[in-house]
Amino acid sequence: MNRLKTTLLLTCLTLLMVAMGSAIGGRSGMVFAFFMACAMNVFSYWFSDKIVLRMYGAQEITEAENPAFYGMVRRLAVQAGLPMPRVYVIPSESPNAFATGRNPDHAAVAATQGILRILTPEELEGVMAHELSHVKNRDILISTIAATIAGAISMLGNMLQWAAIFGGGRDNDEEGGGMLGGLAMAIIAPIAAMLIQMAVSRSREYLADESGARICGNPLSLANALRKLDSASRMLPMEEARPATAHLFIVNPLTGGALLKLFSTHPPMEERIAKLEAMAYRPLR
């Protein structure tokens, strides 16, 4: 299922970029955009995880640098039947964490300095088990590619606005789609980016919560961690967070009103906590 979702995401990106090329440069623009999209798809597959980690200034750590945290991840990886992922720390006081990579053999988990400070060892174990569940369930590729694609589409939308304003007088079919086509694509592009992010199903968070609770063996530890993170992340939002990558994190790093909640890629926190608390009163299989 995740392979199908990844293919659909890449196809959507290709079609959108071809449409953008047509709006700006007609048939020649379509051809150029098609080859550019193909190159971006290959680049996203191989390098999107590195881009996301660099975007947040994540620093890879060794066991010697942080034996407690590194050892915790290694122990949980063994319990989950996974290869040892690379471990990163993000220099941010806002408490959060995410997983990224192509597959279990090329995976990384990252946690902020803030989450390492405010959670108890048991709560942190629940959070990292959740992130390793994304690796085990192979959510990480589609999540990371979605982040790269959404960011690229938003950037192209901004470029199209300027192109439509300063170069949109042409209306020849061969040379360009004109100002109206460029403006239309500038409006469509950010909406498409939002829809791509929403395509990364909310249900994967529920599954990662459940799988993570089974890996660490303590649903209440993860429930308590989510409750604490939900409160702390609102009081101390991640200033460097970007909408294109918000869906990667265990809790939404963005702050906003009802509209943000409506289009959030994360399920309601109270529902996630309730499901975990219900798990605590039945045998874990």
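Our numbering is plain: 1 for the first residue shown, then up by one each step along the chain.
Cβ from N, Cα, C; glycine included.
Summarising the annotation, Swiss-Prot assigns transmembrane segment to 6-26 (among others).
Here Swiss-Prot flags 28-48 (among others) as transmembrane segment. With a cut-off of 8 Å between Cβ atoms, the residues of this chain six or more beyond the transmembrane segment (28-48) that come close are 10, 13-14, 17-22, 100, 102, 141, 144-145, 147-149, 152, 174-177.
Around E205 (Zn(2+) binding site), the same-chain residues six or more apart in sequence whose CB sits under 8 Å from its CB are H266, P267, R272, listed in sequence order. Per Swiss-Prot, the feature Zn(2+) binding site maps to H130, H134, E205; the stated evidence is sequence analysis.
Secondary structure at E131 (active site), taken from DSSP and collapsed to helix, strand or coil, is helix. Sequence annotations record features per position, and here Swiss-Prot assigns active site to E131 based on sequence analysis.
The transmembrane segment annotation in Swiss-Prot covers 140-160 (among others), and the record cites sequence analysis as its basis.
Per Swiss-Prot, the feature transmembrane segment maps to 176-196 (among others).
Around the Cβ of H134 (Zn(2+) binding site), the same chain contributes A99, I140, S143, R204, A208, each under 8 angstroms and 6 or more positions distant in sequence.
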